[in-house]
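Okay, structure first, notes after.
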């Protein structure tokens, strides 16, 4: 009799020993290793099993053997006694194996065919599923009608596009072949509408830097069209250098000319995308920097002599008899504009190139740049105050024109406009002949506020003191007008008997629409005050106190802000000085060393020197200084310019679009 | 040769006046007309003011440049 089975290879020796001991040698055991590993059905590992065949005689030994095999977790198989039945079993098993392998093959082939068919159709399916998912996501935003038969979506729509929306709805209903049409209905609301400013690819960059500070309130004047030019201009004042501006301009030009190339558009680097989005901004910044570079007469820190210099060294030398011996003993000498013929009229375009050779050029340049910063700052701020007039006119708040704009302008112009006048007056009327007794504008300005006078400081013009007194009194008088004018006016208006209720939400505003079966985005439910008309004062005391408080804060902020913001514009001077000094340092300490040797060796040395100069120019002057000037120009716009008129409390319209994560 | 003050003043005022006052009339009609006119006027005002400040600051200098003796020698004999 036989017992045949398979056993785990690790248990073979123990199994053999146990069998030998248990059956006392009344058996013959044969162990053969399998030719290839097979998978264990219980654990799934592939193990090289060992096949064993035990021949024994005697029933009891057989039972013992079977029990032992059970203990060792062997898989036992029936082993027929006779040779013929063994052969039959083997052939039966072989045919079974063949059948099974045929079935497996056919199944795999069939599977491959099905998968091939699916691969062709898979992209279409994916798109369909994405579309369905996106549509359902949007439909989830709608709400159900009372009758539960249709969906309602409340959306904001610009009045100008209303007919387009109606057309689109009609087309959609027609194409889908539905019996019920979608329709649109305007409903009144007291919510404040979102702000929509239409931009093209050029203006989008500038609008985004204005929006980064605050989205314009509904129908407020938008500072972006002016910022298109003033922002690059203010940047250029701080960056002024022809060479650096040209590099920046060319970089931006490359981006603009190749803006449709997909490799530029779809880069994943965020920093690159930021630069790419602002390519028109950088283009204008570079262009204006070239202009201011010409005015500052700086090209990689070197001055260009386009026109002959206005200062004549020869005349001075002849007048003071500067012989070569005299020059040898005096290391530095000054040109005197009082000597006739030395100064021949101002350089027609920009700063005279002689100043870049002078050792005292910072004396002149600092005075020029500080006055320039103050003048440009006051002009910028006045422009900001004037823009407020657009707001007052648009919202029909005429009283604010007289009670707010006028006192603000008087305050600003009487004090700081007068300062601008003093600067220009001194430039025009005081010549070198009076240079020893030239009055100091700063001392005059301080004395103007303190109502004192300084005997050493000559007046600029006859009658200066009374004029200044009048201006200061005018400015001081405008402060209380600004403080209580508007609140008193509104209070008196609310106390006067009214003929009827003021019209509810004015017709010029956008109103939400009611649509069925068409989706839109739900509206932010911000209960902000609508900026049109005046509300009936339900609770007069609270309203009045709030108005007074608001106006007091505004007055203090404006008056103190005028002083501090004017000083803040001095950063235009500071940054342009820093830029000029940095580029000069790069020239004298890096590039000039490449020109020291005049031999062929010098030519070879020039190459790495230029490489260092180029790398440092790009890294420090273009990137670092560029970012710095950008930041300060941004600050000047956001704070000093915009706090004169801009409220920026609105929210943007999110136009209807499928959410991008629906495409995942 | 005297450079004169009147000639640059007239020239540049005329140029920026052309850009800021005359050119806006010739901008073709389109959706961007307002933006382009704003840009032209702003550019003209900014650039003209900047140039004006630069030239007025140098019109009546109260002091002259202080030069090193090498510079004086170079400029005297090579520039003039």
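Glycine is treated like the rest: Cβ placed from N, Cα and C.
TrEMBL lists A:233-258 (among others) with the feature transmembrane segment.
As annotated by TrEMBL, transmembrane segment applies to A:278-296 (among others).
Feature annotation from TrEMBL assigns transmembrane segment to A:374-393 (among others). A Cβ distance under 8 Å defines the sequence-distant neighbours of the transmembrane segment (A:374-393), meaning residues of its chain 6+ beyond its ends; these are 220-221, 223, 226, 230, 234, 237, 400-401, 404-405, 408-409, 412-413, 416-417, 419-420, 423-424, 562, 565-566, 568-570, 572, 636, 640-645.
The transmembrane segment annotation in TrEMBL covers A:405-424 (among others). Only residues 6 or more beyond the boundaries of the transmembrane segment (A:405-424), in the same chain, are considered here, and those with a CB under 8 A from a CB of the stretch are 371, 374-375, 378-379, 381-382, 385-386, 388-389, 392, 441, 444-445, 448, 460, 468, 471-472, 474-475, 478-479, 481-482, 485, 558-559, 562, 566, 644.
As annotated by TrEMBL, transmembrane segment applies to A:436-455 (among others).
Taken from TrEMBL, the feature transmembrane segment applies to A:467-489 (among others).
The region 'Disordered' annotation in TrEMBL covers A:517-536.
Summarising the annotation, TrEMBL assigns compositional bias 'Basic and acidic residues' to A:526-536.
Per TrEMBL, the feature transmembrane segment maps to A:598-624 (among others). Note on the transmembrane segment (A:598-624): residues 241, 244, 247-248, 300, 579, 582-583, 586, 590-591 of its chain, located 6 or more positions outside it, place their CB under 8 angstroms from a CB of the stretch.
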